[in-house]
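A.B. asks: One structure coming up, written as C-alpha cells, with questions to follow.
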Ligand code: ADP
Ligand code: MG
C-alpha cells in the first residue's frame with residue numbers, strides 16, 4: 001500500500017507581450033519549494049488596507065515561465081504513469097483560470113511538435129514500457145469524457161460526426177452495490193499502440209472543437225477527462241490487474257465577481273462553475289480528519305473522480321498560474337485551493353480482481369438459486385418469455401385501458417417485470433406508429449397538413465439562408481474591391497505618369513474579383529493537398545457547401561492567421577519526410593553491408609574448412625580475418641540500431657505533425673463557420689430594420705452578373721413565395737444554423 005499526500009505542483013505561464021508582470025518570486029530550494037506573491041498596497045480609494053501584502057505558498061515543485069513541456073512530463077506525469085503501470089490508479093488534474101495554460105499543459109499546443117503536452121507524452125511512454133515487458137499480457141483502452149453543465153458527453157462517440165453534442169446520448173453515472181461508479185454511454189475504445197491512442201485523442205479534441213459554438217464557449221466551462229485504462233494478466237494466471245490514469249483538464253476556475261487587486265480580493269466570490277465549487281467542498285471534507293461523509297454525489301465531476309481524489313489513487317494537481325498584474329488575484333485563489341488539496345492523504349492500493357469468467361459461473365449459480373426460490377414461493381416456474389396467451393391478454397388489457405375515458409382508470413398487469421416491460425414497449429409502438437398499431441387517433445388529414453406546413457417552413461428557411469448568403473458575398477466583394485482599389489491607387493501614386501496601368505477607379509467587379517479568386521483557389525489547393533485526411537475527420541455533411549460559400553471560404557482562408565501555421569508545418573513536414581527518406585536509404589545501405597559481410601564470413605569459413613581437409617595437419621585455430629569481419633558486422637549492427645531508432649522517432653513526429661495540421665485546418669473551418677453564421681445574423685437584423693423604414697433602397701444590381709452561380713431569387717422580394725425548384729440550386733444550399741463544410745483534398 002502506498003500512503004502519501006496529493007502532490008501539488010505549480011506552473012507559471014509565460015507572460016504575453018503586452019502583459020505587465022506581477023511581482024512574485026520562486027524558491028525551489030529543498031526541503032519545501034515556495035512561491036511568494038507580493039500584492040502592492042496602493043488602493044487609490046483612500047481606505048487603509050490592512051490586508052496582507054505578501055503571500056507564500058508551498059508546492060512540491062514550482063515550474064517557472066521558461067519550463068518546457070518535456071520537463072513537465074518528466075517531473076510530474078512520469079512518476080504517475082509508472083504507478084499506473086504497476087497497477088495503481090492515477091490522476092493528474094490541471095486547475096486554474098481560463099487562459100492559464102491548462103489545455104496547453106495537458107494536451108499541448110496546436111502548433112509545434114515539441115509543444116505536445118502530458119497526454120501524448122504519457123501515451124508514448126506507456127506504450128513504450130508495455131512493449132518492453134513480455135512477462136504479461138496487456139490490454140489498453142482509452143475514454144474521453146466531457147462534462148458541461150452537469151451533463152456528460154462521450155467525445156469519442158462516432159456519431160459526433162453527424163450530430164450535435166446535445167443530440168447524443170448523455171453519459172450517466174451508475175453505482176453498483178459495492179458503490180463502484182460506472183459510466184453509462186461512455187465508450188471505451190481499444191488502442192493497441194501509440195498511434196491508435198493518439199488518433200483517439202485528436203478525434204476527441206476535434207469533436208470538442210466542433211461542438212463548441214460562440215454562444216457556448218464550452219472549453220472554458222467544461223471539464224475534460226481523458227482516461228487510459230490498462231489491464232494486465234500473467235499468462236496462465238486468473239488474476240487480472242486493472243488500473244486507470246485520468247488526465248483532467250478542468251473548467252476555468254475564475255470567479256464571477258472579478259475584483260481588482262486589494263479590495264475584495266480575499267472575499268470568496270461565487271464560482272462561475274458550480275462543479276468546481278463542489279470539487280472544493282469534497283477536497284475540504286477529505287482534508288478534515290474524522291469526516292465520514294464526503295459529498296461526492298453533489299456533482300458529476302466529483303462522482304467520476306471519486307475513486308481518484310480521496311481513495312485509491314496517486315493524485316497529482318498542477319496549479320496553473322498567470323502572473324501578470326491583472327490575474328494575480330485569480331492566481332492567489334488558485335494557490336489557496338492548491339494548499340487545501342495538498343493536505344489530503346491518499347492510500348493507493350493495487351487493483352486486483354478475479355477473472356470475470358469465474359465470476360460469471362458464480363453469478364449464474366446465484367441466479368438459478370434465486371429462480372428456484374421464486375418458483376417455490378409463487379408455485380409457478382417462470383421462464384424469461386411470456387406465453388402467447390399471456391401476450392394476448394396483455395394486448396387486450398392495454399387496449400381497454402387506452403380506450404377508457406375515465407381519467408382514474410389504471411392498468412394493472414400484476415407484479416411481473418416482464419409484463420410491465422411489455423406494456424411499455426407496446427404503448428410506445430402505438431404512439432410511434434399509430435397507423436400500423438391499429439390506433440386511428442390521428443387522422444390522416446392532420447398529418448398531411450402538418451407535412452405541407454413543415455415543407456413550407458423549410459422552404460422559407462432556405463430562402464432566408466440564400467438571402468443572407470448573397471448579402472455576405474456582396475460585402476466581401478465590396479471589401480475586395482476596396483482592397484484592390486487601394487492597392488491600385490498606391491501603385492498609381494508610386495508610379496505617377498505611367499499611363500499603362502492607369503485605370504478608372506471604378507473597376508468592374510469581374511476584373512476586380514478575378515485575380516484574388518485565382519490566387520486564393522490556387523493557394524487553397526496547395527494548403528489542403530499536403531494534408532492527408534484522416535477518416536474520422538471527414539464529417540458526414542448534411543448538405544454540400546454552396547459555390548458562394550466555398551468562395552467566401554477561400555478568401556477567409558487566405559486572410560486567416562492560421563494559414564501561416566499550416567504553411568510552416570507543411571515545410572517542417574516536408575523536411576521530416578526528406579529526412580525519413582534519407583534514413584530509410586541509409587538503413588537499406590547498412591543492411592546490405594551487413595549481408596555482404598555475412599557472406600564474406602561464410603566464404604572464409606568454407607575456405608578454411610577446405611584447407612583443413614586438404615591439409616589435415618594444420619589445426620583449425622583462431623582466425624583473425626573472420627574475427628575482424630565479425631567485429632565489422634557488430635559495428636554495422638550498432639549503427640543500424642541508432643539509425644533505426646531515429647527513424648522510428650521521426651515517424652512518430654511526422655504522424656503528430658499531420659494530426660496537428662488537421663486540427664489547425666479544422667479550427668480554420670470552424671472559425672469560418674462561426675464568422676459565416678454571424679454575418680448571416682447581422683444581415684438578418686439589418687433586413688428587419690430595413691423593413692421598418694421602407695424608403696431605404698439597398699439593392700446592388702451591378703453585382704448580379706458576377707454572382708451568376710447563385711439563385712437570383714434572393715434579389716427580388718416579389719419572388720419570395722415561389723421557391724426555386726432548380727435541383728442544382730437545391731444541392732448547393734447551405735444551412736446557416738449549423739453549416740457544414742467540405743474541403744477539397
Ligand atoms: P486554458 O486551457 O487554461 O484556458 P490554454 O492552455 O488554452 O489555457 O492557454 C492559453 C494560451 O496560452 C494558449 O494560446 C496557449 O498556447 C498559451 N500557453 C499556455 N501556456 C503556455 C506555455 N507554457 N508556453 C507557451 N504558451 C503557452
Ligand atoms: Mg482550455
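Cβ from N, Cα, C; glycine included.
Bear in mind that TrEMBL entries carry predicted annotations, made automatically and left uncurated.
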A.B. asks: Can you dig out which of the ranges 672-708, 709-745 TrEMBL describes as region 'Disordered'?
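C.D. replies: Checked against TrEMBL: region 'Disordered' maps to 709-745.
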A.B. asks: Which one of 439-469, 470-500, 501-531, 532-562 shows up in TrEMBL as coiled coil?
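C.D. replies: Going through 439-469, 470-500, 501-531, 532-562 one by one, TrEMBL gives coiled coil for 439-469.
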A.B. asks: Return the residues near residue 97 (ATP binding site) by Cβ distance under 8 Å, restricted to its own chain and a separation of at least 6 in sequence.
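C.D. replies: Those within reach of residue 97 (ATP binding site), by Cβ under 8 Å and sequence separation of 6 or more, are 252, 253, 254, 320, 322, 327, 330, 331, 334.
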A.B. asks: In this structure, which of the binding-site residues 96, 99, 101 has the fewest other Cβ atoms within 10 Å of its Cβ?
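C.D. replies: Among the binding-site residues 96, 99, 101, the sparsest Cβ neighbourhood within 10 Å belongs to 99.
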A.B. asks: What binding-site residues among 96, 98, 99, 101 have a C-beta sitting less than 6 Å from any atom of ligand 2?
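C.D. replies: Close enough to ligand 2 is none of the binding-site residues.
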A.B. asks: Checking proximity to ligand 1 here: which binding-site residues out of 97, 99, 102, 103 have their Cβ closer than 6 Å to it?
C.D. replies: 99, 102, 103
A.B. asks: Enter the number of other CB atoms within 10 angstroms of the CB of residue 98 (ATP binding site).
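C.D. replies: Excluding its own Cβ, the number within 10 Å is 18.
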A.B. asks: Since the record lists 100, 103 as binding-site residues, which of them has the fewest other Cβ atoms within 10 Å of its Cβ?
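C.D. replies: Each of the binding-site residues 100, 103 was scored by Cβ atoms within 10 Å; lowest is 103.
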A.B. asks: Within 10 angstroms of the C-beta of residue 102 (ATP binding site), what count of other C-beta atoms is obtained when all protein chains are considered?
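C.D. replies: Neighbour count, Cβ to Cβ under the 10 Å cut-off: 28.
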A.B. asks: Take every residue in the domain 'Kinesin motor' (5-344), average their pLDDT values, and give the whole-number result.
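C.D. replies: Summarising the domain 'Kinesin motor' (5-344) by its mean pLDDT gives 83.
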A.B. asks: When DSSP is mapped onto helix/strand/coil, what comes out for residue 103 (ATP binding site)?
C.D. replies: helix
